[in-house]
Amino acid sequence: MQRGRERMEREKVSELNQCKRRLRVCVATCNRADYSKLAPIMFGIKSHPDEFELEVVVLGSHLIDDYGNTFRMIEQDDFDIGSKLHTIVRGEDEAAMVESVGLALVKLPDVLQRLHPDILVVHGDRFDALALATAAALMNIRILHLEGGEVSGTIDDSIRHAISKLAHYHACCTRRAEQYLIAMCEDHSRILLAGCPSYDKLLSTHHREDYKDIIKAWLGDKVQEQDYIVALQHPVTTDIQHSIKIYGLMLDALLSFNKTTLILFPNIDAGSKEMVRVMRKKGIEQHPNFRAVKHIPFEQFIQLVCHAGCMIGNSSCGVREAGAFGTPVINLGTRQTGRETGENVLHVRDADTHNKIYHALELQFGKRYPCSKIYGDGNAVPRILKFLRTIDLDEPLQKTFCFPTVKDSISQDIDHILETQSAMSIDLGGTNLRVAIVCMKGKIVKKYTQPNPKTFEARMQLILKMCSDAMRDAVSFNCRILGVGVSTGGRVNPQEGVVLHSTKLIKEWSSVDLRTPISDALHLPVWVDNDGNCAALAEKKFGHGKGVENFVTVITGTGIGGGIIHHSELVHGSTFCAAELGHIMVSLEGPECSCGSRGCIEAYASGMALQREAKRLHDEDLLKVEGMDMKLSEPITAAHLINAARLGNSKADAILNKASTALGVGIINILHIVNPSLVILSGVLASYYQTPVQHIIKERALFSAQSIKVVTSDLEEPALLGAASMVLDYTTRRTY
């Protein structure tokens, strides 16, 4: 009997321990936007009842009729709402926001005391969330903050960072946000690089077959995909009057643009009431082109964004979720200035005229961009659940901060792997196809080289195989591939990733879309540009052009090419044939060029031109001089011509002088047109041409251009590094 009682006691203790291991998680949601991020986590917690106990608290604009009573969608998702707190003081001005925070602080203690959660999950940067975090911190409740460490550019930053300082744990979306949290002295062991939870649903459901029915339901039977606009503009609480002005200009531009537009009401921040007045004064709700709505269920909203011709406004959805679909976005004003964005976002920060916004609509409407996974890869919820399981409720509640130095980023990812941000670069040459993994500092981690196949099908197949091999190896090298950059000969439309016309060295490449098949196969954004432009970009990021605002790169190799950097931007031209430096004409009666014209620089100074002249001298038995070692079977190259000239061959010397003069005169023309501060010679002939070209500039250029310096490139792989630089700079925001 004694042993039986002891066994029963042990079983009771075991049952109590099992109950203790169930983590009591309270998720608090304030509005439709944060629920889209919190719902996937709530579903994940609910699916593990043996490990977690879920409590749901609803407050803020969820409970206001003017904003759609969005608490109903939480009930429709079959979540039991433990508490509904009416915390919004109407007025939609600064004082009302402060009073709303105060009202929430009055009501929250009773709720939190009754629920007594082990951990409170708070999202984002809203004033409601600040009240939640303040109450929980003062009541010694552990806080998990989602999407901390980000920068947007408004008062939201201050609120977000304040919540981060109150929170005990962090689940952030991007590597940069993780670094910022560490820089804010948060304990790196309590930071999880999870990605955005909404991406878990975005990436798995945005290919729904019923999207056309959703478009028809909200916009009518006649509206087609990619032929409508989604508009969502919120007030900027630090500059309310200016944001109202921008809102009016946006509406004017949309009226002029004359496309079907789905416009959502602004959120409840100070200034929203005035924005609604502007909308009604312009008759938007009655206009046949507009559908004005207060709320759309998230699953349907992402379908509408995914298949829109354009999204406009200043919602974080535009700079975050829309990138997952490649939907073109116009971001107005300063509300999202600091956000990391994909190339699909066009910023109109000074949206001070109707024409500027209208022109932005012309530029963006109907385009498609590569998908961007800056904010997530679809696996955030499993990471967050795993992170919750690791929380030790017995460890001290008091936060510790990492002062004064910032430790290296140690990602609290599933496998706790520290990854190096890297790019995959492709150099599509006439002879060889090369692929490389390039890290942020410009170091080539690994390079792959294969002979370039002759047919288009074989070439594309080999590109994808080499890229797949590189992706696999990147894991072992601890590299996270951010995207793919492609350097190729010929004329390229970098906006579409299409080779318009190729060179004779790479035949069959006419209107070839390189971006789509690579992006579809690797699920990464892809950039494509001309090899000369890539060489200029390589110099700008890693070479002599670093920090130089205006310079020109001239490639002296088999052909002559190059790129122009003007005001720190690459010059493409109206038809993408700017910087075709090899085809600057320096003579009306010169030798025939590969482009079909005569007297081009390339016809005089390229490796092919020098090889042609060397063969001519050799055939006339005028090339070889005393001291020159030549094998009978050796192919004649430009190097033989240069060697002969150095050994005193007057014929070879005259040819090289003419080539140097042609190149120098061509570069002088460039100096007189774009007036760079530096000329960088790249390629196998660069070291030979540097001194004579510098001499010709001093001799023939205008006085103001004679002092411009000519240097030779120090980069061994400019094409690969330039292709990589397009990827490594992909977070640089486009400004209009």
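Glycine is no exception: its Cβ is also placed from the backbone N, Cα and C atoms.
According to TrEMBL, the features are:
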DOMAIN    50-388  domain 'UDP-N-acetylglucosamine 2-epimerase'
ACT_SITE  Asp531  active site
BINDING   His583, Cys593, Cys595, Cys600  Zn(2+) binding site
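Across the domain 'UDP-N-acetylglucosamine 2-epimerase' (50-388), the model assigns an average pLDDT of 89. Counting every protein chain shown, the number of other Cβ atoms lying within 10 Å of the Cβ of Cys593 (Zn(2+) binding site) is 22. Close to the recorded Zn(2+) site, the chain also has Gly582, Met585, Ser594, Gly596, Ser597, Ile601, Glu602, Ala603: residues not among His583, Cys593, Cys595, Cys600 whose Cβ is within 8 Å of the site's Cβ mean position. Within the group of binding-site residues (Cys595, Cys600), the Cβ with the highest number of other Cβ atoms inside 10 Å belongs to Cys600.
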